[in-house]
Amino acid sequence: MSSTPLKVAVTGAAGQIGYSLLFRLASGSLLGDRPIELRLLEITPALKALEGVVMELDDCAFPNLAGVQIGDDAEQIFDGVNLALLVGARPRGPGMERGDLLSANGAIFTAQGKALNKVAADDVRIGVTGNPANTNALIAMTNAPDIPQARFSALTRLDHNRAISQLAAKTGAAVTDIKKMTIWGNHSATQYPDVFHAEIGGRNAAEVVGDQDWIESTFIPTVAKRGAAIIEARGSSSAASAASATIDAARDWLFGSADADWVSMAVVSDGSYGVPEGLISSFPVTTKDGDWEIVQGLEIDDFSRAKIDASTAELADEREAVKELGLI
């Protein structure tokens, strides 16, 4: 394990997800015993609150927290970073149309993409958690032409984890018994959680469940709309679970997915499974040494095909919308 601190940037660091994420990062959930240097970006009005969060980080006396830098200037914060977790995004407010949301976030992720392109470390990897995550990642990637496209990913690990949890609850299996879960498409209500290639204790998950109606009518909508259900229950969006999934995704990306298993990541499509090239869409991937590879050769039946196509059509619509706005 290297003793050189890994420089990790977090945007929206004073927000709800940031508050859950920073203490996990500082305590070693991502890097274990390797030192970490946190670079925290916020908008100017939130810097005071962020100072309070840093006071709390100091008060934890984390042994592997090598340093914390905060600021509102992306180029300063991103300078030399090895990992950028783009959590901050403009939430959808009352009366906002989808185009308004894409436009507001487009400005944020255009600027951040350009800053990363200019000053990030040569080995940088960029994970986008802020929604709409897939299209925000596409905007950042397009504005960072010198960074390899494979270094950008959007978070669908939260959906992946939600799907595993629902399947475990249904079957009585432990979450550790469930392998090869896949989320296809967009991190939105059109996403497709696919149990037909998943395994529970080595057996096909759909066969173990043995209830196609439950898969279609309960499982898929529960996973796809889980975020809305959490807002309804707690009055604000899922933050701790999103932070946890952000760590899971980054850890597997940097250190590799488990043998005989795969994970879900939204990455740039090479045309696999009929997903239009260049879209940032969720796929089953294996990871090793900081690189990912789309799992090939999975049979896609008509039911799955229709679900994947519906979600990728939404992604194509979003790409068209941000093109019209001049963001890519």
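Glycine too: its Cβ is placed from the backbone N, Cα and C atoms.
Within Arg98, Arg125, the residue that Swiss-Prot lists together with Arg92, Asn131, Arg162 for binding substrate is Arg98. In this entry, Arg92, Arg98, Asn131, Arg162 make up the residues listed for substrate, with the farthest two CA atoms of the set 25 Å from each other. A simple Cβ count within 10 Å picks out one of the binding-site residues Gln16, Gln112, Asn131 as the most packed, and that one is Gln112. Residue density at Arg92 (substrate binding site): 15 other Cβ atoms are found within 10 A of its Cβ, drawing on all protein chains shown.
The secondary structure of Asn131 (substrate binding site), as reduced to three states from DSSP, is coil rather than helix or strand. Around the Cβ of Gly130 (NAD(+) binding site), a 10 Å sphere holds 26 further Cβ atoms from the protein chains shown. Ranked by Cα separation from Arg98 (substrate binding site), the binding-site residues Gln16, Gln112, Gly130 are led by Gly130.
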